[in-house]
Amino acid sequence: SVGFKAGVKDYKLTYYTPDYQTKDTDILAAFRVTPQPGVPPEEAGAAVAAESSTGTWTTVWTDGLTSLDRYKGRCYHIEPVAGEESQFIAYVAYPLDLFEEGSVTNMFTSIVGNVFGFKALRALRLEDLRIPNAYVKTFQGPPHGIQVERDKLNKYGRPLLGCTIKPKLGLSAKNYGRAVYECLRGGLDFTKDDENVNSQPFMRWRDRFLFCAEALYKAQAETGEIKGHYLNATAGTCEEMIKRAVFARELGVPIVMHDYLTGGFTANTSLAHYCRDNGLLLHIHRAMHAVIDRQKNHGMHFRVLAKALRLSGGDHIHSGTVVGKLEGEREITLGFVDLLRDDFVEKDRSRGIYFTQDWVSLPGVLPVASGGIHVWHMPALTEIFGDDSVLQFGGGTLGHPWGNAPGAVANRVALEACVQARNEGRDLASEGNQIIREASKWSPELAAACEVWKE
């Protein structure tokens, strides 16, 4: 007789192990599982563990050539989701040996590569990942991190201010550079290429880089502050992307930008390594994230994409506003903002954090609040995000009735007023509007902005 029993397998026999003690080196995942009617949660959870690690649908003779116990993923705990019918959180532990060192790409291919189309599941969402210290240490992480960025820019004790140049498509390079100059001269720290500004017929990348560099040197000379413009290096090939980053470095600018989800983690990690080697800061835009993270019961939560970015590398990342035009619940957002900035984050289910995460001194990432925010939001933003953040006002700068530079002045005055008020011990949550009103008495630019965007 054959040495193994052929036939289709019951996953839960092998892959559901409720008494498993997780190891410090395991990668842990929390999945929100919605099984098909009639499929027990243990079977569904086990199926996820199997399908995202060593499993295949039937017994194969080559199983005898390896030690399943050493390499298999294990579903070690299942809990029902409160208030949801037939939804469960399945916790899966993966042995570290299943993953290539320093590759976010491989980590995702393994954990979420195949299993989301699985027939026994109606829906599946990856809510959180615990990356073990041993695996974190195989990544370079952000090119510079929060402290080094502050030192490079010589800006301390306040959030940084940015602005996306609009209209995002259609300006010539020279006019684009002019818009950049106006904003920076008015008092912003950064301006930004829109995520879909790459190298189109109306404005080729090299021309844009040149005029933006000219704009920021001029603004630096006039204001005595260090200025930056996020030059979008995203391109159709990795080689072209690096070529753009090299040109940015040759121009002597401080920062470049990348769309990390559309560009891909492999490209992003290459760019992050280049940026560290060459002293460039790296701003990350999350274009395409909502395709992955918007559905509540299927896909991947943004906190997982944020953790992945910290491993892959980036100094800034867009992370929702809590107050503007795009959705994002406050506690949940603050949860992944901490995951980006802090060195050690405690498990806290009320903030969506399923696992305690130790980043073992990997540099932090500045969260960027951007999308539909204006001067009246400034007190709330200062309070919610604190000093280590970038506040980005696109329309909230360029929509100023007097133009870009006065729009920038209004934002800078509002920010400085909020920071000063906070440092004097005032409560931004309750006195915010009053603080802005008081400041607007001294700044006609701010007064005009307050008029345009009523509270």
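Backbone N, Cα and C atoms are what each Cβ position is placed from, and that goes for glycine too.
Pulled from Swiss-Prot:
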- LYS5: N6,N6,N6-trimethyllysine (MOD_RES)
- ASN114, THR164, LYS168, ARG286, HIS318, SER370: substrate binding site (BINDING)
- LYS166: active site, proton acceptor (ACT_SITE)
- LYS192, ASP194, GLU195: Mg(2+) binding site (BINDING)
- LYS192: N6-carboxylysine (MOD_RES)
- HIS285: active site, proton acceptor (ACT_SITE)
- LYS325: site 'Transition state stabilizer' (SITE)
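On the structure: features taken from Swiss-Prot.
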{"residue": "ASN114", "record": "substrate binding site", "DSSP (3 states)": "coil"}
{"residue": "THR164", "record": "substrate binding site", "DSSP (3 states)": "strand"}
{"residue": "ASP194", "record": "Mg(2+) binding site", "DSSP (3 states)": "coil"}
{"residue": "HIS285", "record": "active site, proton acceptor", "DSSP (3 states)": "strand"}
{"residue": "HIS318", "record": "substrate binding site", "DSSP (3 states)": "strand"}
{"residue": "SER370", "record": "substrate binding site", "DSSP (3 states)": "strand"}
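Within 8 A of the CB centroid of the Mg(2+) site residues LYS192, ASP194, GLU195, the other residues of that chain are THR164, ILE165, LYS168, ASP193, ASN196, VAL197, TYR230, ASN232, MET257, HIS285. Within 10 Å (C-alpha to C-alpha) of LYS192 (Mg(2+) binding site) lie the following binding-site residues from ASN114, THR164, ARG286, HIS318, SER370: THR164. Proximity note: of the listed recorded positions (ASN114, LYS166, HIS285), HIS285 have a CA within 10 Å of the CA of GLU195 (Mg(2+) binding site), given in sequence order.
For HIS318 (substrate binding site), other Cβ atoms within 10 Å of its Cβ number 23. Ranked by Cα separation from LYS166 (active site, proton acceptor), the recorded positions ASN114, HIS285, ARG286, HIS318, SER370 are led by SER370.
Rounded to a whole value, the Cα-Cα separation of ASN114 (substrate binding site) and ASP194 (Mg(2+) binding site) is 32 Å. Here the Cα atom of LYS168 (substrate binding site) is found 6 Å from that of ASP194 (Mg(2+) binding site). Here HIS285 (active site, proton acceptor) is positioned 6 angstrom away from HIS318 (substrate binding site), judged by their C-alpha atoms. Take the Cα of ASP194 (Mg(2+) binding site) and measure to each of the recorded positions THR164, HIS285, ARG286, SER370: the nearest one is THR164. Under a cutoff of 8 A between CB atoms, and with a sequence separation of 6+ in the same chain, the neighbours of THR164 (substrate binding site) are THR191, LYS192, ASP193, ASP194, SER370, GLN392, GLY394.
Here HIS285 (active site, proton acceptor) comes close to GLU195, ASN232, MET257, HIS258, ASP259, TYR260, ILE317, HIS318: these same-chain residues lie at least six apart in sequence, with C-beta atoms under 8 angstroms from its C-beta. Considering other CB atoms within 10 Å as the measure, the emptiest surroundings among the binding-site residues ASP194, GLU195 are those of ASP194. The Cβ neighbour count for LYS192 (Mg(2+) binding site), using a 10 Å radius and every protein chain shown, is 30. Within the set ASN114, THR164, LYS168, ARG286, HIS318, SER370 that the record links to substrate, no two Cα atoms are more than 37 Å apart, and one pair reaches that distance.
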